[in-house]
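To keep things clear, I will list the structure first and then write my remarks on it.
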Amino acid sequence: MSKKLAGYGGIGIVLLVLTLLICLGIGSVALPIRDIALILLHRIPWIGSHIDPTWNASFEQIIVKVRLPRILLGMLVGAALAVAGSGFQGVLRNPLADPFTLGVSSGSAVGASFLIFFGLQYSFFGGWTLPAVAFVTGMLTLWMVIALARESGKIPTNSLILSGVVMQSFLGAVVSFLSAMSNRTINEIIYWTMGSLSLRGWSYTAILLPYFLVGFAVVWSRARALNLLSLGERQAAHMGMNVDRVKLGVLLVSTLLTAAAVSVAGIIGFVGLVIPHVIRLITGPDYRLIVPLSAIGGAVFMVWADTIARSLLAPTEIPLGVVTAFVGAPFFAYLLYRNKKQRKGRWT
Amino acid sequence: MIEIREAGKQYGGITALHGLNWSVQEGEWWGIIGPNGSGKSTLLQLVSGVEKASSGEVLIHGKPASAYNRKILSRMMAVLQQDGLPPVHYPVREVLEMGRYPYQDWLGRDEGGDPDALIESIMEKLQLHELADRPLDELSGGQRQRVALGKVMAQEPQILLLDEPTTYLDIRYQHQFMELVAQWRKEEGITVVAVLHDLNLAAQFCDKLLVLRDGQAVGMGTPEDMLTEETIRLVYGIEPVIVPHPVSGIPQVLVTRQR
């Protein structure tokens, strides 16, 4: 297992670094990869002092002030959503669960929109207010979706997706209503519904980072429990697992990850669905691999999606949620189709 | 080892078990028999500690089963269900390793010795070597049940609870499965409690039988004492003939058609 993790993880890290170097260079001003690498190395203490600055000083400004914070934030958002998705899929033992399809993203967005609408986003706890409120409304939404879908103790795939869609459309309408009511803040709320990473400085990264680190550590530490859970809840209980505590814990933390990501970048669909699945197809069903590799995969995917979003029709930006939906929705359809074909499913 | 005092269980308004008294000594192999809905599986759930008795007590080593920390209890007691393992995509070796869960700390380190050697010896015993890297969903029902047995062996319990473990197996795998449990008991001295539908299988493998009907004990004792025409007629409402097995002499149940 650890050999496999090192192998796949190594490949993942290489992809992540390549993504960083290439995507930093793409934009209104194209930058050479060599300069990017040198500028980044120069910033690293100890190594940096050995490198002479031979590059154009304005390049450094573009990278450090504009592109780097955006790309790092994208990595964090993508990783958070993908880890949340793997957590939801593991606990609900449902291949179609993800922050977006479960309505958790929309739920978090409603909380965020209310704050923005009333201009309260920095009251109470400063920069932490938005994620906290988004977490509460996201959790409420998840609770309602599961309560709506539950049939005599079980949560069938179809009714889970249905109740997720119901909640999503209702909450989406609430957000649209709020944005229609408000003249002043209309653009900002619209951001939430479509997802965007533009004009987010370093402070957003600083808010998201601790949420991500804690959430990732908790979900990963529960990976063996999630493996056990795929044998059935009763089996897991017979093997000494406290099933209810693990389920509640992972659901809470996955919701927290979602809420934190949504509160800095808005609703970005399907990342949490697609990434854990692709990883599962490559590595098999072991959550000890799926969770960390999803984090890397989500980061890579999100940065490329954002690069497409900002450069394809430049200077116009395509909303990020639109780009991920172009990839994610067909994939979702494919999963539905495959799930229909093999009811019992081998996806675990 | 297992002590049951006046244990009862209600689900909603329905009483599944009425004040049962029963005790299991170390090293015994008990079979629990009785018709559908007689409370067999309920009793097993109470012993396993997953469900709590509505009245009375279920004691494991003198302590209520439901009061144990689940991890500690799982080091002592393993449960094998009739549907065994679902057709997941995990390879056989990893499923066996999952049996070590109650011994692992939060980082996944084993606190109970050398798990690799243990898994090797289990695969040896159950002839799972050639299946070690095959995913579970490619195995037959009989093979999967053997993996399920391997997983509970990895748990190294003192008590093994079996809930109709042979239901979905053909007659060859039924006997192979029971022989493997018998061999395990001989080597490790474990205590076995098995809910069984097949009376003849129960007679051949169990030292003692507990006969349940409508949530109450009709009797408990050796297969010779329990498998009488009178008891079978009373409990199952069928017309039985009891004959000694021509080779071993153990009582076997035949059924006469009613017209």
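Note that the numbers count up from 1, one per residue, in the order the chain is shown.
Yeah, the Cβs are placed from backbone N, Cα and C, and that goes for glycine too.
Residues or ranges marked as transmembrane segment by TrEMBL: A:6-33 (among others). Outside the transmembrane segment (A:6-33) by six or more residues, the chain places 40, 59, 62-63, 67-68, 71, 75, 282-283, 289, 292-293, 296-297, 299-300, 303-304, 306-307, 310-311, 314-315 with a CB less than 8 A from a CB of the stretch.
Same-chain residues lying 6+ beyond the ends of the transmembrane segment (A:71-88) with a Cβ under 8 Å from its Cβ atoms: 16, 20, 23-24, 94, 97-99, 102, 104, 197, 200, 204-205, 208-209, 211-212, 215-216, 219-220, 222, 226, 250-251, 253-255, 257-258, 260-261, 264-265, 268, 271-273, 275-276, 279, 287, 290-291, 294-303, 305-306. According to TrEMBL, the feature transmembrane segment maps to A:71-88 (among others).
Outside the transmembrane segment (A:100-120), and at least 6 residues removed from its termini, the chain residues within Cβ reach (under 8 Å) are 84, 88, 129-130, 133-142, 145, 160-161, 163-168, 171-172, 174-175, 178-179, 181-182, 185, 188-189, 192-193, 254-255, 258-259, 262-263, 266-273, 328, 332. Annotated transmembrane segment per TrEMBL: A:100-120 (among others), in sequence order.
Long-range contacts of the transmembrane segment (A:127-148) within its own chain (CB-CB distance under 8 A, at least 6 residues past either end) are made by residues 102-112, 114-115, 120-121, 155, 159-160, 163-164, 166-167, 171, 203, 207-208, 211, 251-252, 255-256, 258-260, 262-264. Annotation comment: TrEMBL describes A:127-148 (among others) as transmembrane segment.
Summarising the annotation, TrEMBL assigns transmembrane segment to A:160-180 (among others).
Positions annotated as transmembrane segment by TrEMBL: A:201-220 (among others).
Under the heading transmembrane segment, TrEMBL lists A:248-275 (among others).
Annotated transmembrane segment per TrEMBL: A:287-306 (among others), in sequence order. Outside the transmembrane segment (A:287-306) by six or more residues, the chain places 1, 4-5, 8-9, 12-13, 15-16, 19-20, 23, 70-71, 74-83, 85-87, 90, 197, 216, 219-220, 222-224, 226-227, 268, 271-272, 274-276, 278-280, 320, 323-324, 327 with a CB less than 8 A from a CB of the stretch.
Using a Cβ-Cβ cut-off under 8 Å and counting only residues 6 or more beyond its ends in the same chain, the transmembrane segment (A:318-337) has close neighbours at 95-96, 100-101, 193-197, 265-271, 273-274, 277, 301-302, 305-306, 308-310, 312. Marked as transmembrane segment by TrEMBL: A:318-337 (among others).
Here the transmembrane segment (A:248-275) has Cβ contacts under 8 Å with residues 73-74, 76-78, 80-88, 90-91, 96-101, 104-106, 108-109, 111-112, 130-131, 133-135, 137-139, 142, 191-197, 200, 204, 207-208, 211-212, 214-216, 218-219, 222, 226, 294, 297-298, 301-302, 320-321, 324-325, 327-329, 331-332, 335 of the same chain, all six or more residues outside its ends. Same-chain neighbours of the transmembrane segment (A:201-220): 69, 72-73, 76-77, 79-80, 83-84, 86-87, 127-128, 131, 249-250, 253-254, 256-257, 260-261, 263-264, 288, 291-292, 295, counting only residues six or more beyond its ends whose CB sits under 8 Å from a CB of the stretch.
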